[in-house]
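K.L.:
Pasting in a structure now, in structure tokens, and then I'll have a few things to ask.
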Amino acid sequence: MLRWIGSRLLAAVVAMLIASIIIYGSLKLVPGDPLAAITSGRRLSPEQRATLRETLGLDEGFVTGYLRWLGGVLHGDFGQSLVYGSSVNDLIASRLPTTITLVIYAAILALVVGLVIALVSATRPGVLDRIGLVVTSVSIATPSFVVALILIGVFSVQLQLFPATGSGADGGLADMVYHLTLPAITLAIVTFGLIARVSRAAFREELDSEHVEVARSRGVASGNILRKHVIRNSLGPIMTLTALLIASLFIGTAVVESAFGVDGVGALLVTTIGRRDFPVVQAISLMSVALFVLTSTLADLALPLIDPRVRAVGALT
């Protein structure tokens, strides 16, 4: 079992190392000169340009630059923003609470809606199941910016129930939740379909299993069968999906925060990509990968605690 846990942790470390190389290298290959975006087209003398490039480390070789950047990351220092002139850590830290609140809000909505649809579809084959499949298909196929435009038009412009822009970060948690309701619903709408599809398949597999048939033949109540057999034995794939969901929601905030004018990490990523602020882009990209690796690893490590079948396999490896 310890070897199995060790292999998962080692895989996480290797994945992060590979991701850091790809992130740093891919931005180095982006065409164009970031100095042009930094200076906003101002005319500089060759000496000024050379001094500025040296100060910002734009002329460093790949290996030298990567090792310097990685050393800073390992010490919790992502460097200085090329555009804002302030610490990348401070830029992200000031926006992170808004994005975390949005991701948690959207994840709760998506999980509740997705699991309810999955349970109804799995236990009520026929019309309700077909309706669920149609609804989830629309959810999966609809882009988030389309949902954002519809929600803004209906609930902000027409009904005037929710603000169209802003995060409400200065007004406390309640005001932030109020401002983030439409962005969270947008993320939830484009996410719950996948949750429902995967969960429905897991529920159906358990409902058709032999031990559930035996429980039915013994007269066990349907509610007990769902709680003790179907839902419990389906937690494995649902947990894995939830881990991926959290990471994907964090990435999805880039579009949604920009659409709703939310001053979060996602909107910062979009802005800094356009202005070639590489240190900020690298930091947020690495954070996204780290979140994906962390949640996936935690889900893998938690599975043996929930599913004895996984624990048995881990004990043999």
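Quick reminder: no glycine exception, Cβ is built from N, Cα and C everywhere.
Automatic prediction, not curation, is the source of TrEMBL annotations.
TrEMBL lists these features:
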type	residues	note
DOMAIN	96-299	domain 'ABC transmembrane type-1'
TRANSMEM	9-27	transmembrane segment
TRANSMEM	100-120	transmembrane segment
TRANSMEM	132-156	transmembrane segment
TRANSMEM	176-196	transmembrane segment
TRANSMEM	235-260	transmembrane segment
TRANSMEM	280-303	transmembrane segment
K.L.:
Under 8 Å, at least three CB pairs between the transmembrane segment (100-120) and the transmembrane segment (280-303) (pairs 6 or more apart)?
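P.N.:
Result for the transmembrane segment (100-120) with the transmembrane segment (280-303) is no.
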K.L.:
For the transmembrane segment (235-260), give me same-chain residues lying six or more residues beyond its boundaries with a C-beta closer than 8 angstroms to one of its C-beta atoms, as numbers and ranges.
P.N.:
99, 102-103, 106-107, 110-111, 115, 144-145, 148-149, 152, 164-166, 182-183, 186-187, 190-191, 194-195, 198-199, 201-202, 266-267, 269-270, 288, 291-292, 295-296, 298-300, 302-303, 306-307, 310
